[in-house]
Amino acid sequence: MAAEKSKIIYTLTDEAPLLATCAFLPIIRTFTAPAGVEVVKSDISVAARILAEFSDCLTAEQKVPDNLAALGKMTLLPDTNIIKLPNISASVPQLLAAIKELQLKGYKIPNFPDDPKSEEEKVTRARYSKCLGSAVNPVLREGNSDRRAPNAVKQFARKHPHSMGEWSQASRTHVSHMHGGDFYAGEKSMTMTKACDVKMDLVTKSGKTILLKPKVSLIAGEIIDSMFMSKKALCEFYEKEIEDAYKTGMMWSLHVKATMMKISHPIVFGHAVKIFYKDAFAKHAKLFEELGVNVNNGMSSLYEKIKTLPESKREEIIQDVHACHEHRPALAMVDSAKGITNLHSPSDVIVDASMPAMIRAGGKMWGADGRLHDTKAVIPESTFARIYQEMINFCKTHGNFDPTTMGTVPNVGLMAQQAEEYGSHDKTFEIPEAGIARIVADDGIVLLEQHVEEGDIWRMCQLKDAPIRDWVKLAVNRARLSNTPAVFWLDEYRPHEAELIKKVNTYLKEHDLKGVDIQIMSQTRAMRYTLERVIRGKDTISVTGNILRDYLTDLFPIMELGTSAKMLSIVPLMAGGGLFETGAGGSAPKHVQQLVEENHLRWDSLGEFLALAVSLEDMSDKTGNPKVKILARTLDEATGKLLLNNKSPSPRTGELDNRGSQFYLAMYWADALATQTEDKELQAYFTPLAKTLQANEQKIVDEFKAVQGKPADIGGYFVMDTEKCKAVMRPSATFNAALKAARA
Ligand SMILES: NC(=O)C1=CN([C@@H]2O[C@H](COP(=O)(O)OP(=O)(O)OC[C@H]3O[C@@H](n4cnc5c(N)ncnc54)[C@H](OP(=O)(O)O)[C@@H]3O)[C@@H](O)[C@H]2O)C=CC1
Ligand SMILES: O=C(O)CCC(=O)C(=O)O
Ligand SMILES: [Mg+2]
């Protein structure tokens with residue numbers, strides 16, 4: 001497939017961003033048409049991906065193309081321009097819900113085999129696995145990541161600071177992580193001197209050799225790691241931390257990234273569930289096994305599976321579960337009103353968003369009593385847990401951050417070509433029996449090996465050389481362009497990072513470093529250094545690996561801006577194209593709930609506005625189309641004005657929401673285009689629209705308000721009904737008519 005120079009691909013995803021798109025696409029098309037820019041949709045929602053995978057089960061009318069695969073290919077072409085909205089990286093409970101909805105809508109796709117036994121079930125399971133977890137982002141992210149708060153956004157936050165919870169020195173909130181037996185402790189790393197194929201196998205203590213992965217092709221210069229997490233150490237750690245919280249009267253919370261680390265973290269999550277509720281699990285072990293309860297999917301799996309039992313048995317189990325709470329610490333809640341705990345579903349508490357929200361709230365999470373409490377935040381993997389503890393220490397000493405004065409922390413993240421843990425899913429295994437886990441080259445030489453026990457999680461990660469070189473270049477460029485110090489957050493004591501540091505030092509030599517401040521520091525030192533600057537109003541670029549890219553681009557924006565939705569998130573594709581992500585957060589399931597119940601969508605589309613502007617700018621640079629350049633510039637002006645006039649959506653029903661905010665963007669954008677004089681054609685096209693929108697501002701805002709406060713029908717969750725969504729998301733007849741008239 002060839003990319004076309006004046007085409008923007010706009011992804012249709014899930015939940016709140018999909019709803020926002022329903023309203024935004026007609027606006028975008030109205031504005032880009034006179035510049036000859038085509039905006040095409042590409043549905044990569046979790047439902048569309050399931051249907052593409054199970055095409056053979058569908059009728060001709062139901063079949064959909066594999067859009068994700070097509071987009072993946074396009075990222076390797078130089079003219080590609082994709083705007084990517086956040087999508088669901090489905091946990092098993094989310095996938096099950098999507099399958100159920102599709103089946104109810106008449107799609108004859110198979111059930112999800114949670115515990116596949118037959119060959120057929122194993123094949124179905126493997127096909128569904130392609131739709132699980134981070135299945136979209138790694139395919140599209142064929143470049144490194146540049147995430148930052150644009151100046152206008154930062155200035156807005158300084159003028160209109162969001163609320164911050166108070167930090168007290170007496171806060172008992174802390175992070176608990178493993179001190180041995182985790183991936184950090186059990187890591188070995190090496191750089192390949194030449195290309196070769198390797199296999200991953202397990203030589204068991206009983207003398208068998210189990211082939212786990214027949215072939216991974218490696219190229220010269222690539223860094224590979226072998227690392228494992230000990231089940232025994234993990235379970236002992238959980239037991240100790242649960243006991244400690246109980247004895248000291250602390251609330252307990254678990255923070256993992258089961259969606260992105262889709263093989264390892266559900267297992268890590270599952271052990272926590274089993275240990276927390278160990279008495280109930282011990283008592284009903286046999287029954288749970290028969291029912292196919294899978295703790296990796298959280299307590300939701302247990303509640304789902306026991307539905308089929310007779311009432312009395314079900315009651316007994318629920319009582320036994322509740323009885324566990326008597327000698328366990330209080331659990332942090334996701335929804336205290338509905339009794340949904342932190343251990344309910346692995347996608348309810350996602351570390352990159354959950355830890356910053358807790359720190360922003362002054363180190364507190366919700367308890368079952370509907371009040372905020374200090375918490376023991378359990379993050380088993382020490383590599384990254386420590387950065388949060390460092391920030392917590394800092395807040396305890398210095399108090400909460402002040403958004404009106406604090407500096408900004410942009411990120412340059414290593415991400416391309418499925419870098420590091422991101423690409424490890426197909427090379428992660430739960431070890432079936434004790435032995436030696438090995439990475440063996442095709443000439444029979446064992447490259448890396450580790451002693452593992454039954455139940456350990458063993459994985460191999462890869463990091464190719466070209467992305468590292470590109471990442472170093474991006475970091476130096478950003479440091480120079482923004483005149484900001486850049487710190488590589490790398491720990492020389494971690495074997496993988498020791499290899500990486502060598503390469504960073506090599507590639508830094510390719511650049512003129514005069515006048516730029518580049519340093520390398522371990523994660524905890526880098527955090528401390530950055531925070532000392534942050535509270536003095538100074539900016540510092542964090543240059544990190546893939547996991548910290550994810551964590552820090554929620555952490556700092558949430559402190560600085562109140563949300564990571566307001567981030568500019570650019571992926572300069574290594575092949576020359578551009579992937580423009582909208583914000584740094586997710587698809588906000590809570591927002592859909594509010595829309596359905598009260599017809600108010602509090603989703604902020606600022607991320608979309610920012611992404612569209614850089615997408616247009618990139619297109620104008622590449623095509624030289626002056627109209628597109630004007631569109632980009634005026635959109636930036638409009639976004640600035642939107643912030644200045646405080647026309648972002650409010651979280652409260654009855655006030656301006658996503659739809660109203662989009663209207664204001666359109667009004668300001670049309671005005672900026674009508675006022676500019678460089679391009680008379682654009683001016684003529686937009687003048688009537690600008691006038692109509694201004695003349696009808698109050699009427700349109702009132703039309704948006706009038707629908708609020710009542711339930712809204714969007715015809716589904718994973719597969720929304722297009723017509724119903726249009727009706728809900730475009731309720732202003734006056735605004736719709738104005739857009740239509742402009743296009744006519
Ligand atoms: N790039 C991607 O594709 C990503 C996808 N995800 C996926 O998103 C889903 C939800 O993940 P979760 O960890 O809950 O994170 P989210 O970022 O979706 O939500 C956390 C909170 O952030 C706030 N928020 C996020 N985006 C916006 C926005 N545009 N406007 C206003 N507020 C916003 C909301 O706060 P409030 O409720 O206070 O309004 C929301 O509840 C999961 O399925 C996950 O896999 C997650 C991260 C990135
Ligand atoms: O790919 C995912 O599942 C999540 C990605 C994410 O959280 C991020 O890139 O910030
Ligand atoms: Mg993230």
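Cβ from N, Cα, C; glycine included.
Marked as substrate binding site by TrEMBL: SER134, ALA135, VAL136, ASN137, PRO138, VAL139, LEU140, ARG141. The D-threo-isocitrate binding site annotation in TrEMBL covers ARG147, ARG549. Residues annotated as Mg(2+) binding site in TrEMBL: ASP352, ASP550, ASP554. TrEMBL lists LYS257, TYR422 with the feature site 'Critical for catalysis'.
Overlay of TrEMBL feature records on the structure.
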{"residue": "SER134", "record": "substrate binding site", "DSSP class": "coil"}
{"residue": "VAL139", "record": "substrate binding site", "DSSP class": "helix"}
{"residue": "ARG147", "record": "D-threo-isocitrate binding site", "DSSP class": "strand"}
{"residue": "ASP550", "record": "Mg(2+) binding site", "DSSP class": "helix"}
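Separation of the C-alpha atoms of VAL139 (substrate binding site) and ASP352 (Mg(2+) binding site): 20 Å, rounded to the nearest whole number. For LEU140 (substrate binding site), the same-chain residues 6+ apart in sequence whose C-beta sits under 8 angstroms from its C-beta are LEU68, LEU71, GLY72, THR75, ILE82, LYS84, VAL571, LEU579. With PRO138 (substrate binding site) as the anchor, the candidate recorded positions are ARG147, LYS257, ASP352, ASP550, and the one with the nearest CA is ASP550. Proximity to ligand 3 (Cβ under 6 Å from any of its atoms) holds for none of the recorded positions SER134, ASN137, LEU140, TYR422, ARG549. Each of the binding-site residues ALA135, VAL136, VAL139 was scored by how many other Cβ atoms lie within 10 Å of its Cβ, and the smallest score goes to VAL139.
Within 10 Å of the C-beta atom of LYS257 (site 'Critical for catalysis') sit 29 other C-beta atoms, taking all shown protein chains into account. Within the set of recorded positions SER134, ARG147, LYS257, SER134 have a CB atom less than 6 Å from some atom of ligand 2.
Using a 10 angstroms CA-CA radius around LYS257 (site 'Critical for catalysis'), the binding-site residues that qualify from ASN137, ARG141, ARG147, ASP352, ARG549, ASP554 are ASP352. In this structure, LYS257 (site 'Critical for catalysis') belongs to neither helix nor strand by DSSP; it is coil. Nearest neighbour of ARG141 (substrate binding site) by Cα distance, taken over the recorded positions ASP352, TYR422, ASP550: TYR422.
Counting only the Cα atoms, the space from ASN137 (substrate binding site) to ARG147 (D-threo-isocitrate binding site) is about 15 angstrom. With respect to ASP352 (Mg(2+) binding site), the closest of these recorded positions in Cα terms is ARG549, chosen from ALA135, VAL136, ARG147, TYR422, ARG549. The distance from the Cα of ALA135 (substrate binding site) to the Cα of TYR422 (site 'Critical for catalysis') comes to 10 Å. A distance of 19 Å separates the Cα atom of ARG147 (D-threo-isocitrate binding site) from that of SER134 (substrate binding site). Ranking the binding-site residues SER134, VAL136, ARG549, ASP550, ASP554 by Cα distance from TYR422 (site 'Critical for catalysis') puts SER134 first.
Spacing of VAL136 (substrate binding site) relative to ARG549 (D-threo-isocitrate binding site) is 17 Å (Cα to Cα, whole number).
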